[in-house]
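Peer 1: A single structure is presented below for examination.
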Ligand SMILES: Nc1ncnc2c1ncn2[C@@H]1O[C@H](COP(=O)(O)OP(=O)(O)OP(=O)(O)O)[C@@H](O)[C@H]1O
Ligand SMILES: O=C(O)C1=C[C@@H](O)[C@@H](O)[C@H](O)C1
Ligand SMILES: [Mg+2]
């Protein structure tokens, strides 16, 4: 970036924030797609607060997600997730990374549609498997065949994630590159040219 470009980039960022108004940027997609990591970077680049709904659920319940699933079951977890996301969206513009199943809830989708701009982080099965293999904190993947579970979730969920305002494909690229692509996609969606500097 040269010195002459900088003010324009700042202006682009201001224009994007202006167009967003009170709406939040909401990342949706499967486990391992990068919602948490990319959301944090997008928030830092735009100077917006960052919230991850899984982390918020763990904070309010003072339990981990595997503990919540075990103690109360998935339906209770989903009900709590719906309430937590509704509250997050009502508390002003931010970048919100959702849990992988959150967008499957029709009330949550409606809240996101009215108070947010949604971005589906889309990844293929091999990349997802590679990314989720590193950690054991996802109760749905504590299964003898995690690849089969992810494949089934892709079949069930991809048609619903496709309802998001836009999709960004997360290939084997750095987090910074994907975060910049998310910002460009949102800028274009908002009728701006894209290319907000990070
Ligand atoms: N573009 C990327 N390049 C390299 N590693 C990445 C990239 N995006 C994410 N990762 C890594 O993949 C793993 C999963 O990412 P992350 O936790 O952000 O996904 P998630 O979509 O939030 O998953 P979940 O729905 O389970 O919370 C992490 O170890 C993260 O560091
Ligand atoms: O895809 C899902 O259904 C989930 C994804 C995680 O982010 C957590 O919200 C939880 O493990 C369930
Ligand atoms: Mg996450």
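Placed from the backbone N, Cα and C atoms, the Cβ positions cover glycine too.
Below are the features I grabbed from TrEMBL:
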BINDING   32, 33, 34, 35, 36, 37, 138  ATP binding site
BINDING   36  Mg(2+) binding site
BINDING   54, 78, 100, 157  substrate binding site
Peer 1: Between residue 33 (ATP binding site) and residue 100 (substrate binding site), find the distance joining the two CA atoms and give it rounded to the nearest Å.
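Peer 2: About 9 Å separates the two Cα atoms.
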Peer 1: Rounded to a whole angstrom, what is the C-alpha distance between residue 157 (substrate binding site) and residue 32 (ATP binding site)?
Peer 2: 14
Peer 1: For each of 35, 78, 138, 157, count the other CB atoms within 10 A of its CB; which of these binding-site residues has the top count?
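Peer 2: Highest number of other Cβ atoms within 10 Å: 35.
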Peer 1: Provide the number of Cβ atoms within 10 Å of the Cβ of residue 54 (substrate binding site), excluding the reference atom itself.
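Peer 2: There are 21 such Cβ atoms around residue 54 (substrate binding site).
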Peer 1: Using Cβ atoms only, which residues of the same chain lie under 8 Å from residue 36 (ATP binding site) while being at least 6 residues apart in sequence?
Peer 2: 52, 54, 55, 97
Peer 1: Far apart in sequence but close in space: which same-chain residues, 6 or more away, have a Cβ under 8 Å from residue 32 (ATP binding site)?
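Peer 2: 123, 127, 128, 129, 130, 131, 132 - these are the non-local Cβ neighbours of residue 32 (ATP binding site), listed in sequence order.
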